[in-house]
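Step one of this worksheet: look at the structure below.
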Number of protein chains: 2
Amino acid sequence: MAEILLAVIMLLHLSSSSSSSLPTSTVLDPLFLYIDEHQNEFVQRLGEWVAVKSDSSHRVHWGDIHRILNMTADRIKEMGGQVEFADIGTQQLSDGESLARPPVLLAQFERDPNKPTLCIYGHVDVQPAKKEDGWATDPYTLTELNGNLYGRGATDNKGPVLAWLHAVETYRATKQEVPVNLKFIIEGLEEIGSDGLDELTRQRNESFFSDVDYIVISDNVWVSRKPALTYGTRGSSYFFVEVEGPKLDLHSGVFGGSVHEPMTDMIALLGSLLDHTGKILVPGINESVAPLTEEEKKLYKDIHFDIEEMKKAIEVKSFLQDNKEEILMARWRYPSLSIHGIEGAFSDSGSKTVIPRRVIGKFSIRQVPNMEPSVVERQVKEHLQEVFAKQKSPNSLKVTTSVSAKPWVANLNDPLYIAGRKAVKLVFGEEPELIREGSTIPIANNFQEVTGKRVMMLPIGGHDDGEHSQNEKISRYNFIQGTKLFAAFFYELSKLQKDQ
Amino acid sequence: MAEILLAVIMLLHLSSSSSSSLPTSTVLDPLFLYIDEHQNEFVQRLGEWVAVKSDSSHRVHWGDIHRILNMTADRIKEMGGQVEFADIGTQQLSDGESLARPPVLLAQFERDPNKPTLCIYGHVDVQPAKKEDGWATDPYTLTELNGNLYGRGATDNKGPVLAWLHAVETYRATKQEVPVNLKFIIEGLEEIGSDGLDELTRQRNESFFSDVDYIVISDNVWVSRKPALTYGTRGSSYFFVEVEGPKLDLHSGVFGGSVHEPMTDMIALLGSLLDHTGKILVPGINESVAPLTEEEKKLYKDIHFDIEEMKKAIEVKSFLQDNKEEILMARWRYPSLSIHGIEGAFSDSGSKTVIPRRVIGKFSIRQVPNMEPSVVERQVKEHLQEVFAKQKSPNSLKVTTSVSAKPWVANLNDPLYIAGRKAVKLVFGEEPELIREGSTIPIANNFQEVTGKRVMMLPIGGHDDGEHSQNEKISRYNFIQGTKLFAAFFYELSKLQKDQ
């Protein structure tokens, strides 16, 4: 029945060469119908992608990054796109070796000079995941439960990347012309800091990016049950604090009390970073945060964020702040410091009476305007060296960083955001929330800084998707409606261009 | 040639029913010769034992503990001993499950009421070991390099247990009667705290232990290149500090700055335990340490301990104390606190931007007279609860302990120590150093408290054996001379009895 309807609609508009001049429903209804009809196929493809263990955190999985990049390229080529695997050099690994980085996939479709050109960014690598971390299902087997699709990368970022490709496929399958020129830039090292991508952007600024009008990124999630547009992200620096002591691990019975234990130094170092209110204690950091204006303050009032619901969702008894505005600002417009763990110490279950010889504390600082990562890194190093000096320890201290991503904030009055708001309204029947993102998508700022193009983030993931966590998921609803949103966004963007 | 000599010596003394009335050299020379002649066989057997991964820290290896206990029992039975596998109940594991403990092996040989009865304690479980922890060789493949036998358990405690068995074998092979009655008590859970053994000792106090005169333990190492007798050990309590927060690990970008992170609480808790001088900050602990007497102070002067050599051996630039006596006292007669690591946080190599939901800090306190483990545990719990209250955290805190072993100090004028000193002099040509041990062998104090028997520790491991560490070893010299020491000790103990 639905197929007959589709066929009729397609027949009615067969002669149209540019769909954007047609009434909205005439263009979008067949697209939306196709997406609904083919949703199981789309979910199945997501399952195939999730099954690829493209965890960029450890080089043993880098072969799988190559594999998923090839799978992505194959889909684009099937739809008539041209692909290039751009070399982005080698990565210095923490063990001292260097390894060729997986390339960045650059893709483009046939270009019509009368259409605006949209460049879509996404990544196909994922965070680490092990069943024993507390996953209810195997992280690399996409599993549907109660309308949710569980699996590592389901929402961050394989689901959204596929939704973009499915949106393109839908135009082609319904014999409609995609109303914008499309380019894709898909990488495989986002989760460890997108090294090499910034440099590539610079290199291709006069070529690949020269005819790009807009850049859109869908690599974050909504903040509530309502759809959202994102106009800012926090930056990040990841720190490795290494304290090295004796030649070997020592027996705590034999040597305890007589040696300067690297772990004692480490705990003192990590303990000097922030206080129990979450305030960063590294001198100079809080002073560089952009002051809050009254205009900005107002933006937070309209955001739908239910403190009680969020408490229940993540099962915490309270937040560090008391009200909605303060919590959102703590997540979006103020810096934060999280201690992630210690490498080299005893971390298995059970007991081991060891004095670890060398330990590497790991923490990261999320950064906001007007913090400058290079300045933050210097401030942190100086602070840690000062604390370490007070330890009067004969051990050695080494502080290194692996990520250095600037914060990003866009202009909400940009036409890109207007098209995004219209597309959201069309698909979800309501205005999007205008939000910022606490996490880091370094490329947002890099694109804006290097190419000078307008950048928008258009999330389709739900607020409870648990990216980076156990039981990461995307709901079937968000995955499928998100595909519609992307299809509608192509249309609204082209219409906006025509209307101007 | 050596075999002919042995045969002649044996022939000369064939009629002797009790070797202890014979001149020392007549008894011991053939024993020592046999040991030298069979050293490769002894080393090979150590290799077979080291190959059994009897790591008691994790239940997956408990099957191997049963296996090595059976191998031990088989050797004793081959030499005419009777064995019993004594049930010691079930172990409550940290994951909440309980598991039947590997039994304790009780063994005895035919008893002559005219001879003193010696009970030998040892253990055949080992600490965890992985090649990637930094071992130069596979930890479970005994590897001889430059006169050292590398492998997990080589010195702690498979080598010494085998040396005892080889000493017995040597008497039998050279057709001499073992001059003492022998009992063995061999366990498989020493490295996780010897749970169940104390209770078994109580249960068998009126039976297995009733006719025991002396108990000897060889589960520690010398403190220098000189042989040693050990008259004291530190006790130990192992603490698990668990902080539990959100339901799931959280993304540090999304939630950083708004949630009370369990790791922030953990670092504050661990940081409150000791200062950079190694001083324990838990109130009440230092106050309970027995005051140092002038008499005790003098004992430390004669110990051979080369600070510079030890610095080189473990590659540290300095110790927490400046002189020999203070370093030795810090290791032997003062308490210490070591932080071993954190379970549940990110501990792999690379970077992960996670806020761990639940982390378990692990530390242990080595205890000395007159500290009482149950009191120490209460002091630590109260202290941590007080520190945690100041964090004003909505997370939950749980402090548990897994080991609770009292310190032990023996009387150096006991006849047992006189026999030990004579045996050392015979084999090594010099007086032993009278030392204490910083590490914990809970059974020493338990035996002394429960059975009322005299206890001695007679180490054969070298000061640089690296027990609990990477590249654990015993030197071939110590393993073989140690076997001679045990054979000579049987003789000296019986002679002492006769002379009295």
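Glycine is no exception: its Cβ is also placed from the backbone N, Cα and C atoms.
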Let me know which member of A:HIS463, A:HIS468 TrEMBL also records as binding Mn(2+) 1 at the site of A:ASP156, A:GLU191.
-> A:HIS468
Site co-member for Mn(2+) 2 according to TrEMBL, given A:ASP156, A:ASP219, out of A:HIS123, A:HIS166, A:HIS251 | A:HIS123
Which three-state DSSP class does A:GLU190 (active site, proton acceptor) fall into?
-> helix
Cβ neighbours of A:GLU190 (active site, proton acceptor) where a neighbour is any other Cβ within 10 Å | 25
Cβ density check for A:HIS251 (site 'Important for catalytic activity'), other Cβ within 10 Å (all protein chains) comes to 23
Whole-number Å distance between the CA of A:HIS251 (site 'Important for catalytic activity') and the CA of A:GLU190 (active site, proton acceptor)?
-> 40
